[in-house]
């Protein structure tokens, strides 16, 4: 009881305060005392419930999670209160309603209980998310306990832009960027990344935004991340731009942007050095994990809200004002939320109203938003029921225009009967020229709104009478739920040409595409060019045919084509822009088709033989463009302009093309080898990656890569061995090494080896020159040496140059050798008895015989004595005429 008494004291205090507030309320609103008392009772009941809730056992109920909204390109984050759904020991499962997994753009973190993601343009619409709790059963299966379903509606990229800017921040003191005025452009900084958002998981997208948030210190809700559309990486309206660290774009590209201010220019833009320098030097790329292609700053025009069309609650009787409604008021779109016993979402039925952008007003008001000069006037007779006119059906008394543009005829607004709820029928009713007075049609129950028909061309020959009801009826009062003057009475104005397309350049065999800029035309009612209907025509108001080499997609407003050699020259086309009212503006421009960009100088020619008949490919421009796109995709190039189609011939389908990314000079052999290995093996068999890129439209049979231009002597992938009768072809170079090793070998081959050879030649030449010089100088004396030996004479030997170690020989010692042998005996003469020799010539001996036998008693011949003194008449040098001593006599050992 003490606890109860302690709890009742604050209860009585609260009761006293409530009674005091009731008294004050009664003093101010004495006419409604019952409401104040009833409000007091409710507050008292709530107070009692809050005091005694701790002592009551809570009944497990399903807690509803509020619905959420997301915007394309913006981060979405919501915390799921799992503690209110699941108790201890239960497992939380989050998935799409009726499915096993979440949508592809959402990520669930079971630890932090946060559901986050970043939707793309393909994720627009309403997504129903189911949060269920399950308990592990005895058999190991999960037994569902409770479940809750909520919805997330994804709006387009330009929807509700200021709300994302004015998002509440976690820090109360944080300065939230102010929204710009309605007509004021928003200055946006955009960073281009070499990434593909479609290949990322939701977690990777959010992590990319978080890394950019930590790098740039920009709040997460202020950043936008969208993929690149139509290869438009850079904005042509940017007034500031800079490069990144990426040299080549590989992926599709992603644009990460945030707001800088309102209508800034180059002088008033804030300091961007924190983006410019890191993007160029690679610091931003290292932080984000993706290469940065560049950045730019541009002013974006705000997107004007589209005028909405609503059903008109009117009666067939013309009155000055619309009275109270007699039909049931349509309820806003409803959604079926499953209970814990049936967690599945029921399929949509015929009782569900069509989705609308804004809630349907509760009061019976009429909102009329028309485009063009359309005046709501009552008709003279009963209104005909809605009729769907088939193609080729002629309605009597009706003006039939010569040209009907589909997609711009307004739907007929109908009145919903009081007891039924139907979907809005999407039918169009032509306006009758003369009101019908047939009595059989006087019981009309579904009056129709005045339809919008295209303006008739003056060439119409129908002359049916037309009744103009402009002043015969009283003016109709129109109520609108929004402020502003209705535009129903304003005349439709013709679109204006703001910026000419002027000229488009194209090359033979190269695919091109041109996105019509949004500022080309402008219409006061329909605004920019992307809201208008564009049509490409020839000079004679003739539409471009399906087989023309130039095609135009009116939905994406993209002009593309693939010219061949017969289209070289200048071609004139006309772009017609038509608004919703049928008025149009025209811009004339020229397409200049040039010859092939590389001509016959391409370093390599790629040739592929495909299965099938070449005639359908040659005659169908769409198939040719598809083939070029597939070839570019097989090489890893997203830009199709890198492929130049040379020829398509017979022999199945023989396609010959060149790659515009290869340099012309010098021969890029390594790059060609790399491209060849990517699509085929050494024998010319297509690789699986190349075949998969062409399938299912084309099937590759064989591939050949032949050098041309600077590489004309090389053949990289042979198609077939040369025939015996043909001349000897150059040897095929089969690359059997890695490209890096081949590059190093080329460096040695073209740089190191020639340098060594030249150095060796110079060294040998130097050695030969030095030898020749030394040989020529040998035997020649210098001037000093020549001066020394210029006089002839006996050399002078000084006294100190003599060897005096041995004493001179004594005079008593004979001058002959001590071991000298005795002299030979004297010769024998012919007078001796036995001659020692026999004359060689007997005739000669016979001549001298009488001389020997003349005097036998004569003495033997005695030789004369030797000379002891010089002969007279010959002078000799006097003694001691030289200043040096004679050398010592020879002394035998």
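Every residue, even glycine, has its Cβ placed from backbone N, Cα and C.
Note that the structure is a prediction, hence the values are computed from the model and not measured.
Taken from Swiss-Prot, the feature region 'Required for laminin recognition' applies to 28-406, supported by similarity to another entry.
Residues or ranges marked as region 'O-glycosylated at one site' by Swiss-Prot: 47-69.
Feature annotation from Swiss-Prot assigns N-linked glycosylation site to 139 (among others); the stated evidence is sequence analysis.
Taken from Swiss-Prot, the feature region 'Mucin-like domain' covers 314-483.
Look at Swiss-Prot and you will find 379-498 (among others) tagged as region 'Disordered'.
Taken from Swiss-Prot, the feature compositional bias 'Low complexity' applies to 409-445.
Annotation comment: Swiss-Prot describes 461-483 as region 'O-glycosylated at seven sites with GalNAc', evidence class similarity to another entry. For the region 'O-glycosylated at seven sites with GalNAc' (461-483), the model's average pLDDT works out to 36.
What Swiss-Prot lists as N-linked glycosylation site is 639 (among others), and the listing cites sequence analysis. For residue 639 (N-linked glycosylation site), other Cβ atoms within 10 Å of its Cβ number 12.
According to its DSSP assignment, residue 647 (N-linked glycosylation site) is in a strand. Annotated N-linked glycosylation site per Swiss-Prot: 647 (among others), in sequence order.
Positions annotated as N-linked glycosylation site by Swiss-Prot, on the basis of sequence analysis: 659 (among others). For residue 659 (N-linked glycosylation site), the number of other Cβ atoms no farther than 10 Å from its own Cβ, over all displayed protein chains, is 22.
The region 'Disordered' feature in Swiss-Prot is assigned to 722-744 (among others).
What Swiss-Prot lists as region 'Required for interaction with CAV3' is 817-893, and the listing cites similarity to another entry.
Marked as region 'Disordered' by Swiss-Prot: 821-893 (among others).
The compositional bias 'Polar residues' annotation in Swiss-Prot covers 830-844.
The region 'Required for binding DMD and UTRN' annotation in Swiss-Prot covers 878-893 and is backed by similarity to another entry.
On the backbone, the CA of residue 647 (N-linked glycosylation site) and the CA of residue 639 (N-linked glycosylation site) stand 20 Å apart. Counting in whole angstrom, residue 639 (N-linked glycosylation site) lies 12 from residue 659 (N-linked glycosylation site) by their C-alpha atoms. Its Cβ placed at the centre, residue 647 (N-linked glycosylation site) has 14 other Cβ atoms within 10 Å.
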